[in-house]
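**Student:** Got a structure for you, questions after.
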Amino acid sequence: MGYNAGSYDVIVIGAGHAGCEAGLAAARMGSKTLMLTINLDMVAFMPCNPSVGGPAKGIVVREIDALGGEMGRNIDKTHIQMRMLNTGKGPAVRALRAQADKFSYQHELKKTIEETPNLTLFQGMVERLIVEDGECKGVITQAGAEYTAKTVVITTGTFLRGEIIMGDLKYSSGPNNQQPSITLSEHLEELGFDLVRFKTGTPPRVNSNTIDYSKTEIQPGDDKPRAFSFETTKFIMDQIPCWLTYTSTETHRLIDENLHRSAMYSGMIKGTGPRYCPSIEDKVVRFNDKPRHQIFLEPEGRNTQEVYVQGLSTSLPEDVQRDMLRTIPGLENVEMMRTGYAIEYDAIVPTQLWPTLETKKIKNLYTAGQINGTSGYEEAAGQGLMAGINAACRSLGKKEVILGREDAYIGVLIDDLVTKGTNEPYRLLTSRAEYRLLLRHDNADLRLTEIGHEIGLIKEERYERFTNKKLQIEQEKERLSSIIIKPRPEVQELIRNIGGSELKDGIRASDLLRRPEMTYEHIHLLVPSEVELSDEVTEQVEIQIKYEGYIEKSLQQVERMKKMESKKIPVDIDYDAISSLASEARQKLKDVRPLSVGQASRISGVNPADISILLVYIEQGKIARVSNQ
């Protein structure tokens, strides 16, 4: 027998990385919010790698922070090591990566949630949604509690009909042997949602005391203070190194001999795995010409001896995992503390979502994270933030927020999901962003802080600091454009010392900075600023001046794209009435129901001829209403 357990503006199902961002965003925007999770001890748990960031993903964390989300602040307080990657490359691909103390990360984020006004955290398993007349009105838990709500966000991760697989062992489970969610998955199918089966995996954990680190290569953090959050002022400098080793020919022989026992190759696993995070079995089979593969030994925290064996994700049986570990240099006498495993789970087909992450089938129902077919904590957190923002906007009667591909990697991620869908766990890569020179690690605040402030997630004090930073950047760029540096002896000497060509005539400081060998520090030595500027300001000045031509070209591409995005397609357009459309294009357009011609042009199977036909149809005003509306 059910009972009325309360009423909320927003209910979030799940408290992983997507759920935490969704719940915090909704509550901070003023919505009365409830977060329901199967196990309170697993809030913000890291079931796989103990790290945050990396290529593209690190930029997402900066974007989350720029919008007012929590992930960046939380990892800044709880990491054991931080490194800037790709420092030898251009600014578009630089990315920050932090090694997390996974237990501190959990505890700190749970504490933040517990102390947030408007936010209630409760342990309970949701089994059904309350749906009336095509609208989600709330949820029903296993215990019979009925919670009503204006909006609901599902962030169930890999728990939906989760199954752990290791060799020929297979059992119903969520990650890390947690209770899975079976009934909710079945209920979503009853509601008419198309589900797919995906798979991911995790490597074994080993005891640090049994590793011979003398046979490995140290991987220290950066000496320079680093942070994901634009608010962080206190930096952790007491860092713990990671270690690099490699598989051996003996490792590969052992894997080859036991491939028939791997769930990946025995037919036990039916779900599709992540292309960019293959198991060690996959790597050995697909790249059999390589004599070895990198293995990173990553501590899981400051107060544990558990070490994550990055690069050794596997579904081999436990006995093979033990033997395999001991074929790796430095791990000859290692003790395994946890076995690696594969996990299969249900995900929804993401083309069933609007760009707001609201489902098309049921109004006021949003989904975010791995349920949408993505992989990774950062991708989940970015979606969770946007779903939480939009659920709150809906509950408060405000306009929802959609980030474009030119605005953020989060925008690229969501657009790819809802427009193209995915047939494997989706991982964000820099190559997926056509405007990546505009979507950099360094300028996330310049791109998104105003949006965060407008929706109420960025406080006035922070916004004031941000506007001051913007002003300083513009003033310094103007100063450098107005100063002429003459070929004085000290100028020529500096230029010679850094391998540049001497000046023949006077040159604007900004033009001199455009030279590849010149940095802002060099210019500052020649024409110092009277105002003390932060590293963040001078970095922006240098990048914006050096890459001005390329940035301008990207902005022109964005303007062309925006013309297509501005051509809106009515939600109730009847594609069957457009007789000239190719049959594949018609079906794809009916499935995705794009909101603009720009979005339609990105759908696989819709070619330029179809877009031309669609444009003519819309511009002539021949919009046929759906007969039952």
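Including glycine, each Cβ sits where the backbone N, Cα and C put it.
Small disclaimer: the values here were computed from a predicted structure and weren't measured.
Found this in Swiss-Prot, in case it helps:
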- GLY14, ALA15, GLY16, HIS17, ALA18, GLY19, VAL126, SER181, GLN370: FAD binding site (BINDING)
- 273-287: NAD(+) binding site (BINDING)
**Student:** Among the binding-site residues listed here (ALA18, VAL285), identify the one with the smallest other-Cβ count within 10 Å.
**Tutor:** VAL285
**Student:** Between CYS277 (NAD(+) binding site) and GLN370 (FAD binding site), what is the CA-CA distance rounded to a whole number of Å?
**Tutor:** 15
**Student:** Going by DSSP, is GLN370 (FAD binding site) part of a helix, a strand, or coil?
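**Tutor:** Going by the DSSP assignment, GLN370 (FAD binding site) falls within a helical segment, counted as helix.
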**Student:** What does DSSP assign GLU281 (NAD(+) binding site), in three states?
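**Tutor:** For GLU281 (NAD(+) binding site) - judged by DSSP and reduced to three states - the answer is helix.
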**Student:** Highest Cβ count within 10 Å among the binding-site residues GLY14, GLY273: which residue is it?
**Tutor:** GLY14
**Student:** How many Å lie between the Cα of GLU281 (NAD(+) binding site) and the Cα of VAL126 (FAD binding site)?
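**Tutor:** That separation, Cα to Cα, works out to 36 Å.
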**Student:** What is the separation, in Å, between the Cα atoms of ALA18 (FAD binding site) and GLY273 (NAD(+) binding site)?
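**Tutor:** Each residue's Cα considered, ALA18 (FAD binding site) and GLY273 (NAD(+) binding site) end up 20 Å apart.
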**Student:** By a simple count, how many Cβ atoms lie within 10 Å of the Cβ of VAL126 (FAD binding site), its own Cβ left out?
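**Tutor:** That number is 25.
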**Student:** Can you give the largest Cα to Cα distance in Å, as a whole number, for the residues GLY14, ALA15, GLY16, HIS17, ALA18, GLY19, VAL126, SER181, GLN370 that bind FAD in the record?
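**Tutor:** Looking at GLY14, ALA15, GLY16, HIS17, ALA18, GLY19, VAL126, SER181, GLN370 as a set, their Cα atoms extend up to 18 Å apart.
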**Student:** Measuring Cα to Cα, tell me the gap between LYS283 (NAD(+) binding site) and GLY16 (FAD binding site) in whole angstrom.
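**Tutor:** That comes out at 29 Å between the alpha carbons.
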**Student:** For the binding-site residues listed here (ARG275, LYS283), tell me which residue's CB has the most neighbouring CB atoms inside 10 Å.
**Tutor:** LYS283
**Student:** Other than its own, how many Cβ atoms are within 10 Å of the Cβ belonging to PHE287 (NAD(+) binding site)?
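**Tutor:** That number is 11.
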**Student:** What residue among the binding-site residues CYS277, SER279 has the most other CB atoms lying within 10 A of its CB?
**Tutor:** SER279
**Student:** Cα-Cα separation of GLY14 (FAD binding site) and VAL285 (NAD(+) binding site), in Å?
**Tutor:** 36
**Student:** At the level of the C-alpha atoms, what whole-angstrom distance separates GLY16 (FAD binding site) and GLY273 (NAD(+) binding site)?
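**Tutor:** If we compare the Cα positions of GLY16 (FAD binding site) and GLY273 (NAD(+) binding site), the gap is 20 Å.
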**Student:** Can you tell me the CA-to-CA distance separating GLY273 (NAD(+) binding site) and GLN370 (FAD binding site), as a whole number of Å?
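**Tutor:** Between the Cα atoms of GLY273 (NAD(+) binding site) and GLN370 (FAD binding site), the distance comes to 13 Å.
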**Student:** Just the number: how many Å between the Cα atoms of PHE287 (NAD(+) binding site) and GLN370 (FAD binding site)?
**Tutor:** 28
